[in-house]
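Engineer: Here you go, one structure.
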Amino acid sequence: MNVFLSSIVLRLHYSYCAYRELQKLAATTPTFPGFLNSISIIKRMGSGSPPRKRPKRSKATKETKKEEVKEKVEDVLDVKKETESPSDERPDCTQTQKGKKSCNLKITSWNVAGVRAWIKKGSLSYLLETEKPDIFCLQETKCSETKIPCELKELKDYPHQFWAFAKKEGYSGVALFSKVKPLDVQVGLQSQDHDEEGRIIIAEFEFFFLLTTYVPNAGRKLVTLDKRLDWDLLLRKKMKELNKKKPVIASGDLNVAHTEIDLANPKTNQKNAGFTPEERAGFDDLLSLGFVDTYRKLNPEKTGAYTFWTYMMNARAKNVGWRLDYFLISDRWFESNVCDSVIRSKVLGSDHCPISLLLHV
């Protein structure tokens, strides 16, 4: 009998301890579906209030809820479809729709903000399996010659790979990957100050020159603006020289929002790197040499089209961004050879998104 009573007392003790622990948990745990109802009942038990009965929903309310859930699921699927499977057959192939020839060459450019982290996020898989470019260019690789990821070294479909490395570890750098072997490749602009930072690769193909570049940032408080403007001068000189020989395609992070519709907050950024009058004037000078900003030419009034969003202040979700990444092309090639120029703004993996140029050559 004593043993029986002892076991009952022990069970009651454990039940009371469990009840007290659940009360403590209820006071500190955020409410979430599935746990909310249990926690609220425990709180009322502790306060002496009876558990609140869940109101019955009418049939109409249930149907409304079903419709809302269905709409949300469809929205998610639409976003997922656009994010994971952007297609060249989308209705944004503007020039092709006008009766131009169909695309037979696709070039993709992406500032990856560190190639190793970018690969870990699954972005290389997206590039190879969904975007499927013939040539792709990466900027801000932050990779040294001895630390090229094996995932990139072993790309059988892109046997022709070229890298520009920064002398400083974990800084800058660009790379170019091609299915077709270029006729010639130049790394750098033969400028010691800039070439030590691995900022440009120029590849000559049969019908055109392709360059990919990561343009220097003018820095906070514009401390490196002079260096940036010197780079702009050298780049214009090189592109002018190449343009006399063959059409030129320039890709990459040019670190400038050209016009007010190329960033979300133009009024408050006029004295900040990437939107100074000097940098924008330099971009004007570059276009005046006979080049076209392909995306803006096809979308002259398009707003909210950005390629970069800071990681701070939830900028990407709010689409508070900048269009810093470009495909420029010799103007004599635009009408006859450009099928489309697209921004994959929903594709994640970096603080920049990829952009693609579709051509017929």
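In case you wondered, yes, glycine gets a Cβ from its N, Cα and C as well.
Annotations in TrEMBL come from automatic prediction, not curation.
Feature annotation from TrEMBL assigns active site to Tyr214. The active site, proton donor/acceptor annotation in TrEMBL covers Asp253. Annotated active site, proton acceptor per TrEMBL: His352, in sequence order. Per TrEMBL, Mg(2+) binding site is recorded for Asn111, Glu140, Asp253, Asn255, Asp351, His352. The compositional bias 'Basic and acidic residues' annotation in TrEMBL covers 60-71. Taken from TrEMBL, the feature domain 'Endonuclease/exonuclease/phosphatase' applies to 109-352. Look at TrEMBL and you will find 46-71 tagged as region 'Disordered'. The site 'Transition state stabilizer' annotation in TrEMBL covers Asn255. Annotated site 'Important for catalytic activity' per TrEMBL: Asp325, in sequence order. The site 'Interaction with DNA substrate' annotation in TrEMBL covers His352.
Let's see these features in context: how buried, what's close, how far.
Structural biologist: In the three-state DSSP reading, Tyr214 (active site) counts as strand. Taking a C-beta cut-off of under 8 Å and a sequence gap of six or more, Tyr214 (active site) has these contacts in its own chain: Asn111, Gln139, Glu140, Ser172, Gly173, Val174, Gly198, Arg199, Ile200, Gly252, Asp253, Asn255.
Under DSSP, His352 (active site, proton acceptor) is assigned to a strand (E or B) in the three-state scheme.
According to its DSSP assignment, Asn255 (Mg(2+) binding site) is coil.
Other Cβ atoms within 10 Å of the Cβ of Asn255 (Mg(2+) binding site), summed over all protein chains shown, number 23.
Neighbours of Asp325 (site 'Important for catalytic activity'), defined as other CB atoms within 10 A of its CB across all chains, total 23.
Of all Cβ atoms in the protein chains displayed, 23 besides its own lie within 10 Å of the Cβ of His352 (active site, proton acceptor).
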Engineer: Measuring Cα to Cα, how many Å separate Asp351 (Mg(2+) binding site) from Asp325 (site 'Important for catalytic activity')?
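Structural biologist: Per the Cα atoms, Asp351 (Mg(2+) binding site) and Asp325 (site 'Important for catalytic activity') stand 12 Å apart.
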Engineer: In which DSSP state, out of helix, strand and coil, do we find Glu140 (Mg(2+) binding site)?
Structural biologist: coil
Engineer: Rank the recorded positions Asp253, Asp351 by the number of other Cβ atoms within 10 Å of each Cβ, and give the residue at the low end.
Structural biologist: Asp351
Engineer: Through the lens of DSSP with three states only, how would you label Asp325 (site 'Important for catalytic activity')?
Structural biologist: strand
Engineer: In whole Å, how far is Asp325 (site 'Important for catalytic activity') from His352 (active site, proton acceptor) when you measure between their Cα atoms?
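Structural biologist: That separation, Cα to Cα, works out to 8 Å.
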Engineer: If you draw a 10 Å sphere on the Cβ of Glu140 (Mg(2+) binding site), how many other Cβ atoms land inside?
Structural biologist: 25
Engineer: Across all chains shown, how many C-beta atoms besides its own are within 10 angstroms of the C-beta of Asn111 (Mg(2+) binding site)?
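Structural biologist: Here the count is 26.
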